[in-house]
There are 2 protein chains.
Amino acid sequence: MIKKTARYKITFAYDGSNFAGMQVQPHQRTVEQVLTVAVNRIAKKPQPPVAVIASGRTDAKVHALGQVAHFDLPFEIEPVALLKALNSSLPLDVLVKKVEPVSFDFHARFSAHNKRYRYRVSQGEFVNPFKRDYTGHFKYPLDVAKMQLACQDFVGEHDFTSFVASGSNVKSHVRTIYSATVVPDNTQNEIVLEFSGSGFLYNQVRIMVAVLLEIGTGQRAVDDIPKILAGKDRQLARWTAPASGLYLVSVGYENNLHNTTKSIDEKGNLK
Amino acid sequence: MIKKTARYKITFAYDGSNFAGMQVQPHQRTVEQVLTVAVNRIAKKPQPPVAVIASGRTDAKVHALGQVAHFDLPFEIEPVALLKALNSSLPLDVLVKKVEPVSFDFHARFSAHNKRYRYRVSQGEFVNPFKRDYTGHFKYPLDVAKMQLACQDFVGEHDFTSFVASGSNVKSHVRTIYSATVVPDNTQNEIVLEFSGSGFLYNQVRIMVAVLLEIGTGQRAVDDIPKILAGKDRQLARWTAPASGLYLVSVGYENNLHNTTKSIDEKGNLK
């Protein structure tokens, strides 16, 4: 007997505050773990269990607005029914925003073409209690124009050895940054940094943000980034910005790998 | 030997998500408890310890933007130095925004003339994970115009027996509401309700919000509130809106009871 299976791509948001990151770890509450529980409940607990494959890791406390994963179910199901079943089953700090049936060629990690990250820096002498888990707080005045100029030095293909945490064991540190922006949000007293690229190394965005903050305070020269990249030495980049300010905004794929379908809009409604 | 003591009024914000409310309770993390620890550390642990007196309780999960308390220190200290010392000592989910030296006539609870509460209702079919602790979620469509009309029936002096939780043991249920507003925030897909009044009973705002939501859906008639008030029966008002959407915005006092001084502005800076 041949079982009919079907592959689904899900796009989901999570508040990372109470998670020990994306990836399953023993005795820890992770996003992958709560998703795997929910998916296997819907799949009626098959043996072996259904595996949920994400586009990549995010660290403890890091948030996502549009993380992506895929999994195979032992049956076909309407995307909207699956979306509702997942959101009924998941805890409130994870929200599945979109479900798409995809071909078995689609792989959340290997098919990913690009990722976009956002980093929210909150300013002011004291931390707003409502932002403590949702921004990285930095009290010193920043020259945003300098940061805007300097961040362009990240754009292009570079060896990011100076911008990878020591825990990483990937072979190549070469990555391509497609765009980098630094935008002040004066009503919120925040500075918002965004990076899109082919992929990012462990802690790369948080180390890039920390270097840009040092450029913003004048502790570093505005043309320091090419030197740090060329040095290929993690010690050159020094700090890592806190996880709480980081958001995985979106993961990009080639469009022909999946069909569009209904999703939850910015207002929380199905559209 | 006569010790010189000084009374201080503090205005503070807190994210109520991880607190079992304002008031000290055994074996619970409360705002009063963390404030008392911080104040007594600054006071160099006098015996008996310094008591921190708040304007009133807030429930578990309820937030504050401008809660007020007072305490007496066994010495005088510059308000700005006290503000910085408190914020260095307090956990990040509490922020002291203002410190004012006050006369011994000032009492945070008994001198309070009015309080203002805000309630944030988030709409949409699904809960935004980043709003789950900061709004009350209500998925059903609401007729805001009806709610705006109906909320005016709360304004004035009324017996709020129908709007008090059964746990309350105060003698009089008569309170005066000075203003009531219902304002849609379309960019956030929220509806924001605000009430200012002489004082509020246990759960009063959350029960008032629940009645207004029922009027907004059409489950209740727009002129139901005078009948519920007249009935003086808690069963008539039925629901209580979740604590997560409620904010104590401010507590009002007569101006001659204290001097103004430096405070932290909306951007987190001392001004």
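Placement of Cβ uses the backbone N, Cα and C atoms for every residue, glycine included.
A:D59 (active site, nucleophile) falls outside any helix or strand according to DSSP and counts as coil. A C-beta separation below 8 Å, combined with a sequence spacing of at least six in one chain, links A:D59 (active site, nucleophile) to A:G16, A:G21, A:N203, A:A243, A:L246. The annotation active site, nucleophile is assigned in TrEMBL to A:D59.
Around A:Y117 (substrate binding site), taking its Cβ as the centre, 23 other Cβ atoms fall within 10 Å, counting all chains. Residues or ranges marked as substrate binding site by TrEMBL: A:Y117.
Annotation source TrEMBL lists domain 'Pseudouridine synthase I TruA alpha/beta' at A:13-110 (among others).
Among the features that TrEMBL reports, domain 'Pseudouridine synthase I TruA alpha/beta' is placed at A:150-254 (among others).
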